[in-house]
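Structure first, commentary second.
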There are 2 protein chains.
Amino acid sequence: MTRWPLPEPMALALDEAMQAARAGEVPVGAVVVCDGEIVARAANSPRRSHDPTAHAEIRALRLAASALGRERLDGCELWVTLEPCAMCAGAIAHARIARLYYAATDPKGGAVEHGPRLFEQATTLHRPEIYTGMGEAEAAELLRAFFKQRR
Amino acid sequence: MTRWPLPEPMALALDEAMQAARAGEVPVGAVVVCDGEIVARAANSPRRSHDPTAHAEIRALRLAASALGRERLDGCELWVTLEPCAMCAGAIAHARIARLYYAATDPKGGAVEHGPRLFEQATTLHRPEIYTGMGEAEAAELLRAFFKQRR
């Protein structure tokens, strides 16, 4: 049996998530792709960096915008291992990300298909195309193993 | 006639907002107070810093957490000149801000008393005490003047 390969950006995001877990952080990773090039990758790191905003998505968006020297990432893609929270979904809208890909869903903290469903709000600034599920089992297993170990 | 003075943190937040306007940024400012001390103040700066997340609130929260060397700002206050957006309201919840004070409301982009009303969502991680209106006229006038000049 051959498992269908993950798209490269999601494989890299999962690699970032694994690095987060090894550093004692909730395992989430994110990658920004612009014009087919990977311009940023980041792991979740609020504990290490003493920064409540240092989710993988926020870090990857900041790195990408800095690398490209512009405030907005029109036309770019964000790949992330977990459904974004309200903070990150808001940042994705501010950054004008064109396509959002996420692996596992997050019924507790997610704000895309759960809770406030931010991109469905009439007041949302911007609504990316959204693709889910690729890498879902891998991303969810990383989170399960991390929280099991912590209990 | 004597106008009731603004609380010092809001006066400082308005000062940050004025500095933002002078730099060509949407005039919003924020201040973090912990144990009665001002630990961070910041102006909105996404254009200058090429950072879609560089709202005044996010910058002030990051600076405060970095100054205190911890991920969360339990017991601290955030003072901001405009109703926070979804990104910033999410960050306020992640930071566990105890009390949120904001001046002007934002029917278009606000996510506290408008749009997704994040802190009223069942899935919100944390719900600060919220106080509004102090400095409302001053904050709204800064925004009006800024957008009038840009048109």
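Heads up, residue numbers simply count up from 1 along the chain you see.
Every residue, even glycine, has its Cβ placed from backbone N, Cα and C.
Nobody curates TrEMBL annotations by hand; they come from automatic prediction.
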TrEMBL annotation, Zn(2+) site containing B:Cys85, B:Cys88 - matching residue among B:His55, B:His94, B:His114: B:His55
Lowest 10 Å Cβ neighbour count of the binding-site residues B:Cys85, B:Cys88 is held by B:Cys85
Neighbouring C-beta atoms (10 Å sphere around the C-beta of B:Glu57 (active site, proton donor)): 32
Neighbouring C-beta atoms (10 Å sphere around the C-beta of B:His55 (Zn(2+) binding site)): 29
B:Cys88 (Zn(2+) binding site) - helix vs strand vs coil (DSSP): helix
What does DSSP assign B:His55 (Zn(2+) binding site), in three states? coil
